[in-house]
Amino acid sequence: MSPVLQEDDEKDENIPKMLCQMDNHLACVNCVRWSNSGMYLASGGDDKLIMVWKRATYIGPSTVFGSSGKLANVEQWRCVSILRNHSGDVMDVAWSPHDAWLASCSVDNTVVIWNAVKFPEILATLRGHSGLVKGLTWDPVGKYIASQADDRSLKVWRTLDWQLETSITKPFDECGGTTHVLRLSWSPDGHYLVSAHAMNNSGPTAQIIEREGWKTNMDFVGHRKAVTVVKFNPKIFKKKQKNGSSAKPSCPYCCCAVGSKDRSLSVWLTCLKRPLVVIHELFDKSIMDISWTLNGLGILVCSMDGSVAFLDFSQDELGDPLSEEEKSRIHQSTYGKSLAIMTEAQLSTAVIENPEMLKYQRRQQQQQLDQKSATARETGSASSVAGVVNGESLEDIRKNLLKKQVETRTADGRRRITPLCIAQLDTGYSFIHRTFCDLIWGSLPLSFRQLAS
């Protein structure tokens, strides 16, 4: 981020500006999302695909395919999974708070919930929208997921059984026309869900929906055209104490950025009645997406005109961010155990008061047991590969490959040597389902494999 934060680094030719260019998608990419752990990227595009990316373990720059050779990837990111299910353009993707699920929405009017632990397994397909679904957001506690669509509705779904909790339509009754995206956002304390493209007295707003009772009595106002994207800061803040004074502790509050088709950006604090800052005509075209930095003090904003803006705030302006421990305590004191910080074992033992939910949970547990048994039977005969194959370490096998070569003779007597791939591989993913020998065998020419068999 140094070339973005420091002007001198931006002008320094020795500091790379682009770390990696991934060009696997076959059409326009509409969204890219980091996982909460930072290990993965998920992207969705007009090719109806969701691609999950992971940084490769081998080191060294490589040239971007099809380039003149001047563009080099400093980091190596590879596609570890391609998810196919949507029949139309993928408009948004979102990771659940605990990275166990990945949600995607599309112009095919559906939301798909993927099992991020076992890609490409689908946990549920949420149907209910009658228009193009253009935005998704997870409840930070892990209990709900919300979606917004062109059918002038915002729907909240339960993650326990993937059924509809509520459908909100009143704030969107007056909405006319469409926006390319409808990126809604949930506050990090879980209290508020804020929508894109709502209307109040014929004026464009971002509707604030309270978690308790799903009330719609408040909104963010001031933009001249439809709101396209809302993004809460991942941090919860408290007022900064001046000169080390021990004043009365303030109530925690959140920070929210709102982008619009009017090319302007507004930043709000939930403890203030007016925006903290408004930047007019930031771009030449509509704002498309917003992303906060992990420390909560920086914000990146992109536009349909192809440019990206970076805004840097200070703690004097936003406040002191709460630690993750303090944030978790707020979740636990307000909602009980937070699904976002619970392990799979804890989730299975969570207390459920509704008898129907209890029956559903038991069915889910039985299905998981059946799946695990079937997987164990399938893999029982296969040798375990986790750094050792048939008694040899991967490094030993790699060294032995250097001594070997596949040699054939052409009709005129000349030797032909087939190269073998000896690059260091990412054992964290590649060897889950395939053995090392399978990889080498698959890399050989078809003619050689036919000859050997």
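Just so you know, the numbers here start at 1 and follow the chain as drawn.
Cβ atoms here come from the backbone N, Cα and C positions, even for glycine.
TrEMBL does not curate its annotations; it predicts them automatically.
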Correct range for region 'Disordered' (source TrEMBL, candidates 314-337, 362-385):
362-385
Compute the average pLDDT of the predicted model within the repeat 'WD' (126-157).
96
Report the DSSP secondary-structure composition of the repeat 'WD' (126-157) as helix, strand and coil residue counts.
0 helix, 19 strand, 13 coil
